[in-house]
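Trainee: Features from TrEMBL:
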- 46-69: transmembrane segment (TRANSMEM)
- 132-154: transmembrane segment (TRANSMEM)
- 200-220: transmembrane segment (TRANSMEM)
- 262-283: transmembrane segment (TRANSMEM)
- 303-320: transmembrane segment (TRANSMEM)
- 332-350: transmembrane segment (TRANSMEM)
- 362-382: transmembrane segment (TRANSMEM)
Amino acid sequence: MTVKYTDIDYVVFTDAARYITQGQSPYLRETYRYTPLLAILLTPNIYLFSSFGKCLFAAADLLVGYLIHRILLLRGMPSKRALYFDALWLLNPMVANISTRGNAESLLGAMVLGTLYTMLQKRQYFYSACALFGLSVHFKIYPIIYAVPLLILLDQHDTVPLPTIMQTYQVIRNRWMYSLDNQNAVQRSIKNTLSFLSPIRILFGVVSAAVFFILTGLMYQRYGHPFLEHTYLYHVTREDHRHNFSIWFYPLYLGMDHRSPWMGLLAFVPQLALVIAIGITFGKDVFFACFLQTFLFVTYNKVITSQYFMWYICLFPLILPSTKIQMKWKGVLLLAGWVVGQAVWLNYAYQLEFLAQHTFFQLWLSGTLFFMINTWVMVELIKNHQYETVFNSNDKIRWVWGMGDPGSKRS
């Protein structure tokens, strides 16, 4: 059986784009589960040439590589050394394969990296960071998990200029906090809450939410309930009993005739709790927090496919310089375990897909092995990570990986 190089998702994207060019809803294309913005972006597939989207996704790969390089430089790494970490993304065959087959994950990676990059330079690009975050959550709902570390990152030392209304709120908030008694448990709790609800955090939340709701409102006005159903609600309630890397696929497969809401809840609760805990614990080291959150979110998800790995691979070069893991030994062992775990699963998936052998149980065992390997990788990364806050007490970016190139100035 011949396997086509182009991903089936790309065919779906192109069909949805064709409906857009005809003035119709992209959701007329069965299995289109994305924002209409993606179909609109890919209308040149119809007007110009059919591989436009693949070129766009490859360009997004290059943009992600550029953003990785810029972030490393902002944190003090010399340009020549930063190139080695860029290569982990730009020369990664998995990344190149997924994008050139026609998967759009690199677009989202560019939005997430763009959010983090502009957040590093928040005095100049604060509103750009808010807009990019709102756009990324609209594009695909999972980046909402980054709200926790991003809010933790913004604190009382922030020097971002505030609009008049936020300055007024700051004066009133400070008066309230000053009047509260630390000895009283209730008042102390209120004071801690007010301390967290700083003007800059509220401003970030309001602007990001405004961008998200404006885009979502426009799409809803144009495409109605099918937009909400296919873009957001489907992914929240999705239970895929087809074979995938998730440890949940086999229980869902066995129970597909007797669906229980408790199964979805059982999968979601630990995932959500751990993601929030990671965001709170490592929020000041925002790159490590976002990487761990994404890695954990994917590992515990009810559905896992290879393109989901792109979500955290783009963040990996930003945390690798801070690890104390010996790359020649344990690093190679961890990478080999991660690759072998996938290879074992893919072997049984091939037997199921192309040889028509009943390997569902073996696939589940392989998925369980991969889950255990991912857990081992996470534990080792946490144990060996050198925690580095992004900003100092003067709200300047800390140079943690060197003194930069000659003539470099700290932002």
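Glycine is treated like the rest: Cβ placed from N, Cα and C.
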Trainee: Going along the chain, which residues at least six beyond the ends of the transmembrane segment (332-350) come within the CB cut-off of under 8 Å?
Mentor: 243, 245, 306, 325, 359, 362-363, 366-367, 369-370, 373-374, 376-377, 380
Trainee: Cβ under 8 Å to the transmembrane segment (262-283), counting only same-chain residues 6 or more beyond its ends: which ones?
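Mentor: Distant contacts of the transmembrane segment (262-283): 145-153, 237, 239, 248, 251-252, 255, 289, 292-293, 296-297, 300-302, 387.
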Trainee: Check for me, if you would, whether the transmembrane segment (200-220) reaches the transmembrane segment (303-320) - at least 3 Cβ pairs under 8 Å, residues 6 or more apart in sequence.
Mentor: no
Trainee: Counting only residues 6 or more past its boundaries, what in the same chain has a CB within less than 8 Å of a CB in the transmembrane segment (132-154)?
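Mentor: Sequence-remote neighbours of the transmembrane segment (132-154) are 34-35, 37-38, 107-108, 111-112, 114-115, 118-119, 122, 198, 200-201, 204-205, 207-212, 215-216, 231-232, 235-236, 275-276, 279-280, 282-284, 286, 289-290, 293-294, 297, 311, 390-391.
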Trainee: Determine which residues of the chain contact the transmembrane segment (303-320) at the Cβ level, with the cut-off under 8 Å and only residues 6 or more beyond its ends counted.
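Mentor: For the transmembrane segment (303-320), the list is 64, 68, 71-72, 85-86, 88-89, 92, 94-95, 98, 103, 105-106, 108-109, 112-113, 116, 142, 238, 240, 244-246, 248-249, 287-288, 290-291, 294-295, 297, 342, 367, 381, 385.
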